[in-house]
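Here is what TrEMBL records for this protein:
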BINDING   A:Asp27, A:Asp72, A:Asp214  Mg(2+) 3 binding site
BINDING   A:Asp27, A:Asp72  Mg(2+) 4 binding site
BINDING   A:Asp44, A:Asp123  Mg(2+) 1 binding site
BINDING   A:Asp44, A:Asp72  Mg(2+) 2 binding site
BINDING   A:His51, A:Asp265, A:Trp321  substrate binding site
BINDING   A:Gly122, A:Asp123, A:Arg147, A:Ser216  ATP binding site
BINDING   A:Asp217  Mg(2+) 5 binding site
DOMAIN    A:25-139  domain 'PurM-like N-terminal'
DOMAIN    A:151-308  domain 'PurM-like C-terminal'
There are 2 protein chains.
Amino acid sequence: MEFRLIDRIRERTAQGREDVRLGIGDDAALVAPPAGQEVAIAIDTMVEGVHFPQGIAPADIGWKSLAVNLSDLAAMGATPSWALLALTLPRQPVEQVQSFIDGYAEGFAQLAQSYRLALIGGDTTRGMLTVSVAVHGFVPPGQALTRAGARAGDVVLVTGTLGDAAAGLRLLQAGARVAEGDGRAAYLIERLHRPTPRVKAGLALRGRATACIDVSDGLLADLGHVCEASALGAEIDASLLPRSSMLLGAFDETMTRDLALSGGDDYELCFTVPPSLVAEVQGDLARLGCGATRIGRMVEGTGVRVRDEQGQWLETTHRGWDHFA
Amino acid sequence: MEFRLIDRIRERTAQGREDVRLGIGDDAALVAPPAGQEVAIAIDTMVEGVHFPQGIAPADIGWKSLAVNLSDLAAMGATPSWALLALTLPRQPVEQVQSFIDGYAEGFAQLAQSYRLALIGGDTTRGMLTVSVAVHGFVPPGQALTRAGARAGDVVLVTGTLGDAAAGLRLLQAGARVAEGDGRAAYLIERLHRPTPRVKAGLALRGRATACIDVSDGLLADLGHVCEASALGAEIDASLLPRSSMLLGAFDETMTRDLALSGGDDYELCFTVPPSLVAEVQGDLARLGCGATRIGRMVEGTGVRVRDEQGQWLETTHRGWDHFA
């Protein structure tokens, strides 16, 4: 069983990489890491009903399960290379399993191809729909971005826009149907199902960002991790939070702010740079098409504090907004 | 949630490895592979109710989930180095989760310590109890053992004994209670729950075995993979199948033979060597404490054929014995 399913995926995800000496089909894969590079490795699991709703297209699951892992590599400033897949599928007729696999592989491959990422190993088992992907990437020694290097006075920036994916989830949960021509809902839901890992941005930040993390749990929670790891606090301005016109058109101001602060699943990068590098970094990221917005700065202390439009401190918990917990 | 659980595991699985530049706690781990080595990578998933019965001790799950992966590295002749863990746990009171985690980490660490294997990354999610482990190991370029190199005339050998784990499972399924002093049942069930990955044997086979696989699905199925990959057939003698005295004492002859041929989960190595090397290899493996028994040879043709004690060919399906399917 395992081999034939994984073979279906392999056929759809083949990548000619010289550093893959032995791909799917033996007891283990064999790869040759480039000399003098460190290897960044991450693993992430998505469970149906927890990380994605039932009924989501298999291709979207394929895309997103890889995207969330590539986002981890992006946050380290690593160049993606190889992935492994552990797929647990419910017992169902073989045609349904094959159809799921084909869709999954298609979405996975669409994203993998952009990075010449090779799927080198996999395992399929029976159970609840659960997808674990492990990814590998390269980074020159000592150049990886971590959560720990921020300094007081560094500027906090974030790529792209925040809150879209959480807004898309709200629309889905509310049973919103994406009407023909409703570009706004379609955009927000696409942001939920097909996040763009900021791999190129992560590479561009090497040697300049002092700390970096991807926004998976929500800005407050994730910037909180940077604060903890860097033994600092952060102050951000709600008025500076980058929000898409689609988001702003779909919800009122307070809701868009809350979604931008605490909605997860955006997979943008939140990073810190010394003030002297902000303009240069912003220019470079703009040329890569994702943009970066300054939203605050690192300060002595602990935790993330948020100023509202009137300059008042918002009451936030350390982990985010309770009504999104 | 994730961090605190993974931290509990990390505390129990810490290994001081110089090649781990950044362990659990950031977006990805960072490792420095040794210059000039290839890296073998495998991933395997275990699901409660599919790969292990409900009610098995968490420490046994910890041990076995790592053992089955180390067994894949053993079959490649690789030296284990790093592991990642994706753990999906049912929603339950926090004390129960912590107690499971502590037990799991204990069993995992018991095995990991033997190999100085470091747990470098992890992810915990909610769902059905599902454990995916990804492992990495080193092997000099071109020296990995694969399934593909067997030649006609090569002798087929297997380490240790076969059928014990499947016998242990039968005893559990039959509701056998392990009575105080019932060494036989305890031994067989221990072989099921705590398989010994044949890592040292795999290393000793480098440069001598022409093909190698670990026996996870059963000898017939796994030797069948070697046949396919090597474009050959195999003939084995049922009378030569190595069976423990515990197994022989627990079931009749025919049943022990069937268990040895088709029972999975033994995690012994099945490998092929040229006739001229058999004695030397057997001597070396005996010194490593696992022994190796010749059970047949590779021939022109396809598939695995089994001769019974009277020299008659047994009727087997390509995939194994139907009553174990």
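FYI, residue positions are counted from 1 along the chain as it appears here.
Using N, Cα and C of the backbone, Cβ positions are placed for all residues, glycine too.
Mapped onto this structure are the features recorded in TrEMBL.
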| residue | record | contacts (Cβ under 8 Å, 6+ apart) |
| --- | --- | --- |
| A:Asp27 | Mg(2+) 3 binding site | none |
| A:Asp44 | Mg(2+) 1 binding site | A:Ser65, A:Val68, A:Asn69, A:Asp72, A:Ser132, A:Val133 |
| A:His51 | substrate binding site | A:Thr45 |
| A:Arg147 | ATP binding site | A:Ala211, A:Cys212, A:Ile213, A:His225, A:Val226, A:Glu228, A:Ala229, A:Ser230 |
| A:Ser216 | ATP binding site | A:Val68, A:Ser71, A:Asp222, A:Gly264, A:Asp265, A:Asp266, A:Tyr267 |
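When each of the binding-site residues A:Asp72, A:Asp123, A:Asp214, A:Asp217, A:Asp265 is scored by how many other Cβ atoms sit within 10 Å of its Cβ, A:Asp217 comes out lowest. In sequence order, A:Asp27, A:Asp44, A:Asp123 are the binding-site residues among A:Asp27, A:Asp44, A:Asp123, A:Ser216, A:Asp217, A:Asp265 whose C-beta falls under 8 Å from a C-beta of chain B.
Taken residue by residue with DSSP, A:Asp27 (Mg(2+) 3 binding site) is part of neither helix nor strand, so it is coil. All protein chains included, A:Gly122 (ATP binding site) registers 25 other Cβ atoms within 10 Å of its own Cβ. For the recorded site, A:Asp44 (Mg(2+) 1 binding site), the DSSP three-state label reads strand. A:Gly122 (ATP binding site) sits 27 Å from A:Asp217 (Mg(2+) 5 binding site), counting Cα to Cα.
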